[in-house]
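Undergrad: The structure that follows is given in the form of structure tokens.
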Amino acid sequence: MVFFIFGGLAMFASYVPEIIELMGNRKKYGGSYTSVSGRKHLIVCGHITLESVSYFLKDFLHKDRDDVNVEVVFIHVVPPNLELEALFKRHFTQVEFFEGSVLNSNDLSRVKMEEADGCVILANKYCQDADIEDASNIMRVISIKNYSPRARIIIQVLAHHNKAHLLNIPSWSAAMGDSVICLAELKLGFIAQSCLAPGFSSLMANLFSMRSTIEIDEDSWQKHYLAGVGAEMYTEKLSYSFAGLSFPRVSEICYQKLNLLLIAVQVSKPGGGQQLLINPGSAITLKPGCLGFFVAESAKEVKRANVWCARCHIDVTDLEEIRRCNCPHNIKVNASLSKHLTAFNGVNTSSNNSAKIIKQSFDEVAKEDMRYDSTGMFHWSKPRRLSESTLTKEQCAQLNLQGHIVVCLPVGAETPLLGLRNFVMPLRASNFHYHELKTIVLLGDVSYIQKEWETLTCFPKLLVLPGSPLSRTDLRAVGVNLCDMCVILCSHSNTGSTIINFAGGQMMEDPSLQDRESILTSLNIKSMRFPGTRAVSGYSIPMITELVNDSNVQFLDQDDDDDPETELYLTQPFACGTAFAISVLDSLVSATYFNSDALTLIRTMITGGATDDLEEILAEGGILLPGPSNDSTLANRDRCRVAQLALFDGPFAQLGDGGRYGDLFTKALQQYNLLCFGIYRFRDVSSPVANPTSKRYVITAPTPDFPLVSSDLVFCLMQFDYCTGNGTTSNSAACSSANPVIANQSLHAVAKESSSTTATNNHCSLEVPLSS
């Protein structure tokens, strides 16, 4: 017996080194994911850092969503550092981390990719080479699709031209939920729409981001801005009570009876499939159970639209009492509802005659000297060489440009491609008349512009001035003081963004220096003086600056008191719509996972009309081709667009003088098919000061009792021919004073030639109607 005991101990001792080695080689984050019955799991891979994970989890696990019964599984080749590990432990009930790579089929098996509800691939927005980053992530898609062809993929792509590679993957299918979030396309699209409706980028960024409402007792601009920050975008199927009604009628009922803002619907196309319509007007009659897109505080509020009954809830004033009833689905809204809805100037809401859009005849459209691309979604012109659109300083000064858009480009021929086509396309959408197109002037290194010119050559009213945004001579030559908007873009390259030690060696990268050119250009313009002109000071010039790093927003405005640690959406430049950072697009990942239609809505609103046909054309790498001006092409022009409605003149002037937002919303919708969704207000209206600033800030989806002032600009979704709401023609010269005044940003700046007394006492004197 003793012999066996000692023999066993000797054998065990001989195996101890091997046991220790095996235990030492065991990875802390190895193992496999164990799925739980009744609980989904989402896999997240790609660029996994403390910043990217924090942004994702903050939005994904927000309390305003429905109960999120989804476990998030992160997989990365590098184990987390202490800070990231602490973040995972903070959310240990909903988050797991595994060390591995999605390029390895064994690791995909460990995280149960075939059972996952989806896979998110995050991109490094601060990389030096966007093409290399995109190629790495596309390889991840190929590996995942090869392992599980039916896996749903949501991928971030930096450069627009790399989207085409995803279409080459046989199992890639948008119908199965695969989605690509192109950061360059969306970023430049947001900035482009801000040229047409200043502040739009900040308003929309707040809508698709999950943020809690912050209440402030003090009556200040921050109070009104933060009240709208908590609003988000949701989808819900509409109640059967809405079947057979026009969109304006349903939107009116949702606003007045349910305190919901309905901005779009998804309907079935005649040939099959689904179509997203944004404020489609009176011509569309809703079918039973169609999907609605709402702006609301939480998902719970939106459910009212699904359970509302025209019979049981018609007189209910307490919104908490709106619950599903036992009535059959065929109960629809009838004419008796008319007495419960507000009407203006004798307008009967049971009839949409006054709100009916009288479309311009094709014969009248044909008289305009315009051409469109083959999809009919964008204005097109004959391709031009870069030299034909390039101006000298003298030629540019002789043009006396006014109301144009100045684009300041980062200098250097080696600057990575920005994808300027994504900026120009929304500004050349065919739902603008040709005379409404604003001239775009690109100011920058002509050798860089040459690299992108092939994608820009077919767009009309596009000029180039070789020079530098840091040169005041070039800025004066381009007429920056008379522009509608000055856009300052930045390069995402880290070239030169390093600190060098005394020995001449590289110590570390300083990411803050990536925004140096944008910040210097912004401060350079603001410090300029233009005596005898509308914008005496550079501070009066409408401007939006792109930033790579959120923290650099503190350098844009010298007169604000934003703390460097303040989140971007809480800073004054962002609230005013004068700063935009690519980080705000991170929230789109979560929004797309919970509702893939949300990405479609946002792309439709900001790209000017990007379609599947257009994506196929761009995927071939070619330029836009001309199309015939036939009925089908011209019909594509009839779609909604974003605009700003002025209250100082026109039919809404009376409401602008102390009226209520709810009355404005109803009147604009009933009489003009204008769907209002926000306000752009002077910062100093709430607390008048001796020297009022020209800065405005955004107010998202105000309450119905919110008071209006005459200087307010109202964000609205307007029809192609807004002048036809009461039967006039689309020719702007024929628009009478009874038509709404659509704001022109070049005419909203502070008129310094006006006396300071007038500017202080009456903000509306600083604006004039849109002239044609």
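Each residue, glycine too, has its Cβ placed from N, Cα and C.
TrEMBL lists these features:
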SIGNAL    1-15  signal peptide
DOMAIN    39-176  domain 'RCK N-terminal'
DOMAIN    402-566  domain 'RCK N-terminal'
Undergrad: Which residues, given as numbers and ranges, are at least 6 beyond the ends of the signal peptide (1-15) yet have a Cβ under 8 Å from it?
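TA: Long-range Cβ neighbours of the signal peptide (1-15): none found.
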Undergrad: Within the domain 'RCK N-terminal' (39-176), count helix residues (DSSP H, G, I), strand residues (E, B) and coil residues, in that order.
TA: 58 helix, 29 strand, 51 coil
Undergrad: To what whole number does the mean pLDDT across the domain 'RCK N-terminal' (402-566) round?
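TA: Residues in the domain 'RCK N-terminal' (402-566) carry a mean pLDDT of 84 in this prediction.
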